[in-house]
Amino acid sequence: MSDDPLPPSSPTPAPGRPTVRTAAVIPAAGRGVRLGPGAPKALRALGGTPMLVHAVRAMADSRAVSLVVVVAPPDGAGEVKSLLDTHALPERTDVLVVPGGESRQQSVKLGLDALPEGYDIVLVHDAARPLVPVDTVDAVIEAVRDGAPAVVPALPLADTVKQVEPAATPGEPEPVVATPDRSRLRAVQTPQGFDRATLVRAHETVTDDVTDDASMVEQLGLTVVTVPGHEEAFKVTRPLDLVLAEAVLARRRLNDGF
Ligand code: C5P
């Protein structure tokens, strides 16, 4: 279990620190085509429980998170709501479900639009990263509380990365144009944490297609910082990732003594 390094989001502030409420937005509206045919990715089961439920629990496990906004497939908000109603979640955490959009970026924006007043820190967490440990979630929140406008969990890369000139036809050889210094590269995960006003401004200002929210804050000219990521926060993207996720769950069950 976690050491619970953060004060709970109670109305009583810790000495010297004002109460700052944290909400998590979970974009879960993707189809997950790379995972193969079947239900939308977030609704696929892991250890018998939908991936999305794992992701909501991973956010709710942090005592600092008092609201989770789930962004459902545009035509599936009702189904997602009933699904969440049938799974136990901590009582201290409120859950809202809103319909998502065409892109991840639009889905996050719709989640942000649904946030009530009173939440000054926002986490954005992919439903596709169901197994992120609570210590990683807390480390992100802590860094935002310490004053960073945007925080990403990051890991060094195992593979060397090449920049290529993409081939017109998939599978054709692609010329390599550069090899960035691996020691300066990081693979970033979620939850990414933000000062709410900064993230809202980023979503109002940046219109380019992006693959994560922190890069929108970078485009505002602000500094994004990293905290250590975790290997269990990997994104379930391809069929092999499902096998790995099941193995991580099995190991946790063994360690928890079930
Ligand atoms: O496609 P990708 O793996 O980058 O998706 C990351 C997350 O964004 C997933 O949790 C997915 O459900 C979500 N997403 C979304 N709305 C979309 C596309 C993706 O909420 N239109």
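The first residue you see is number 1, and the count goes up from there.
The backbone N, Cα and C atoms fix where each Cβ goes, and this holds for glycine too.
These features come from TrEMBL:
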type: SITE; residues: Arg34; note: site 'Transition state stabilizer'
type: SITE; residues: Lys41; note: site 'Transition state stabilizer'
type: SITE; residues: Arg182; note: site 'Positions MEP for the nucleophilic attack'
type: SITE; residues: Lys235; note: site 'Positions MEP for the nucleophilic attack'
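Where TrEMBL records a feature, it is marked here on the structure.
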residue	record	contacts (Cβ under 8 Å, 6+ apart)
Arg34	site 'Transition state stabilizer'	Thr237, Arg238
Lys41	site 'Transition state stabilizer'	Gly30, Arg31, Gly32, Leu35, Met51, Ala127, Ala128, Val236
Arg182	site 'Positions MEP for the nucleophilic attack'	Pro156, Leu157, Thr160, Val161
Lys235	site 'Positions MEP for the nucleophilic attack'	Asp126, Ala128, Arg129, Gln189, Asp241
DSSP three-state assignment (helix, strand or coil) for Lys235 (site 'Positions MEP for the nucleophilic attack'): coil
DSSP state at Arg34 (site 'Transition state stabilizer'), helix/strand/coil: helix
